[in-house]
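Enquirer: Before I ask anything, let me first share the structure, which is written out below as C-alpha cells.
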Amino acid sequence: MQIFVKTLTGKTITLEVESSDTIDNVKAKIQDKEGIPPDQQRLIFAGKQLEDGRTLADYNIQKESTLHLVLRLRGGAKKRKKKTYTKPKKQKHKHKKVKLAVLQFYKVDDATGKVTRLRKECPNAECGAGTFMANHFDRHYCGKCGLTYVYNQQA
C-alpha cells in the first residue's frame, strides 16, 4: 500500500509499505529518501507520536494515510551547579507571644482603683492611640514610626 509522509519543508514523499511494517522500517525508508537518521525522526499520525516497535496496523494507518515528520530536539536547559554557602544561614528573630501582655502596659491602684500607664504612648498621629513606645535603658522608641526620645544624660 502507499502512504504519504509530509516533511518539515512541506514536501510530501510517498512510501510503498505494508500494514505489517514496523515504524522502524518506515523510518529506514524515509532515511533512504531524505537522508535523515531514524534516531532524529518523529512520526506523528492523528496527533499521536508513533513508537518504533509498533506496526502501522496498530495505529490503524491505511492506504493513502498521511504521516507528519518532525525532527527530535535534543537537550534542554543547562545543568546548574548546587550552591555552597561559606557561612551558616542567619537565624530569623522569633516573635515571642506573651499571654495577657496588656497587663504589663497598665497598673491599677488597689486603694483608689485608678488606672495608670506604665509605658509611654506614641504621640505621632500615624501611629494612633494605644501604640506604646519601647522602653530602652537610654531612650523611648516607637517601632511603628521610628520616633525616638533620648533621656537627658546627667554627667
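Note that Cβ sites are derived from N, Cα and C of the backbone, with glycine treated the same way.
Just lifted these from Swiss-Prot, have a look:
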type: CROSSLNK; residues: LYS48; note: ubiquitin cross-link
type: CROSSLNK; residues: LYS63; note: ubiquitin cross-link
type: ZN_FING; residues: 122-145; note: zinc finger
Enquirer: Any idea what the Cα distance is from LYS48 (ubiquitin cross-link) over to LYS63 (ubiquitin cross-link), rounded to a whole Å?
Expert: 18
Enquirer: When the zinc finger (122-145) is classified with DSSP, how many of its residues are helical, how many are strand and how many are coil?
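Expert: Breakdown, helix to coil: 0 helix, 6 strand, 18 coil.
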